[in-house]
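Peer 1: Residues annotated as substrate binding site in TrEMBL: 100, 110, 139, 227. Taken from TrEMBL, the feature Mg(2+) binding site applies to 227, 251, 255. The NAD(+) binding site annotation in TrEMBL covers 285, 286, 287, 288, 289, 290, 291, 292, 293, 294, 295, 296, 297. Here TrEMBL flags 4-356 as domain 'Isopropylmalate dehydrogenase-like'. Feature annotation from TrEMBL assigns site 'Important for catalysis' to 146, 195.
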Ligand SMILES: NC(=O)c1ccc[n+]([C@@H]2O[C@H](COP(=O)([O-])OP(=O)(O)OC[C@H]3O[C@@H](n4cnc5c(N)ncnc54)[C@H](O)[C@@H]3O)[C@@H](O)[C@H]2O)c1
Ligand SMILES: CC(C)[C@H](C(=O)O)[C@@H](O)C(=O)O
Ligand SMILES: [Mg+2]
């Protein structure tokens, strides 16, 4: 079998980590008898450099025509990047938001799982870690503050900026259904996170989620305010199975959750629409501080590639093999700098990719 994959290397560490993911995918293809045909697509700063915009219509068309999209990360260094001096719509990040909207990728799955082997890299106390934890953050990805009306004005020399947080019930229902469906395949618990003590949009969120829950009597639903959730994530992460939340809260909570799994370099993600199509990218950014130095952890991207095989291409066996290879490399004591602990062997981005590909 052969599949068409649009590849967006992006900016900063993006090209480095995507290269390693492709290496691992190709090893899996060889072993399990499939071929991935890659078409490179420019997005973010890489696209601004060439086309003057962060995402072209042609790039969107290429992504749409593919079986799935594999992405590195986009974004520049605010201190050195010329993009930041340009108009806001020329920001590299605008390309990412545009592709999410254009492809209707409303469901963002961010699994935060503590590998047995990475307990040493987890900043939490042993009694909090216990037997480890395993949660799925279900982040709504095409609504809320990111896509609400916004403008900046100036009146009498005073500048004012407005962002709008808006959701309609259909947007909430479809992500809630995804969350409950996933909970059914896991430990049957959904924690819906909102700010219903303040925000109207959160009160609507809570009411729609409760409605959806009626169709899932086998799944326990609890509501949690977002500030409490941020605290509970470090106090007792074991309590969470599926965290269901809106766009901005999910962005912030997933970075926090990543750190309790050892590093942001471990957190993969899948962004899905109503079909089998998806965009797969690590949850972290372009890390300009370590770009081009062979320091980036490619595991989040490699695990995202495994999700691509599983969700979009139905290549479950190959996905299992990649996940097992990651676990084995960690068991064998290899670590990139971000997850390094005593007694382990420090490796760079490329060697980590080689080691995982070998074990596939
Ligand atoms: N999905 C995306 O493409 C995405 C996500 C987040 C941020 N960004 C963009 O990335 C740029 C930098 O943002 P930031 O610095 O706030 O966040 P970041 O995630 O890029 O980096 C935060 C910190 O984590 C470290 N880090 C990130 N990924 C790592 C990896 N794989 N291995 C080892 N260390 C890693 C970085 O070195 C840095 O110290 C910004 O332009 C931002 O908008 C893009
Ligand atoms: C780069 C940025 C727009 C993006 C987001 O906020 O969604 C990133 O932080 C992420 O988590 O994918
Ligand atoms: Mg983020």
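Note that Cβ sites are derived from N, Cα and C of the backbone, with glycine treated the same way.
Could you place the listed features in the three-dimensional structure?
Peer 2: Neighbour density for residue 100 (substrate binding site): within 10 A of its CB lie 20 other CB atoms from the protein chains shown.
Within 10 Å of the Cβ of residue 255 (Mg(2+) binding site) there are 15 other Cβ atoms, across all protein chains. The secondary structure of residue 255 (Mg(2+) binding site), as reduced to three states from DSSP, is helical.
Other C-beta atoms found within 10 angstroms of the C-beta of residue 146 (site 'Important for catalysis') number 20, with every protein chain shown included.
Sequence-distant neighbours of residue 195 (site 'Important for catalysis') (same chain, 6+ apart, CB under 8 A from its CB) are 202, 225, 226, 227, 249.
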Peer 1: At the Cα level, what's the spacing in Å between residue 289 (NAD(+) binding site) and residue 255 (Mg(2+) binding site), rounded?
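Peer 2: Checking the Cα atoms of residue 289 (NAD(+) binding site) and residue 255 (Mg(2+) binding site) gives a distance of 17 Å.
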Peer 1: Mind running the binding-site residues 251, 287, 289, 291, 297 against ligand 1 and keeping the ones whose CB falls under 6 Å of it?
Peer 2: 287, 289, 297
Peer 1: Reported as an integer number of Å, what is the Cα distance between residue 110 (substrate binding site) and residue 251 (Mg(2+) binding site)?
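Peer 2: Residue 110 (substrate binding site) to residue 251 (Mg(2+) binding site), Cα-Cα distance: 10 Å.
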Peer 1: Over the span of the domain 'Isopropylmalate dehydrogenase-like' (4-356), how high is the average pLDDT in this prediction?
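Peer 2: Here the predicted model's pLDDT, averaged over the domain 'Isopropylmalate dehydrogenase-like' (4-356), is 95.
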Peer 1: Can you list which of the binding-site residues 139, 227, 251, 287, 293 have their Cβ under 6 Å from some atom of ligand 2?
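Peer 2: Checked binding-site residues vs ligand 2; flagged 251.
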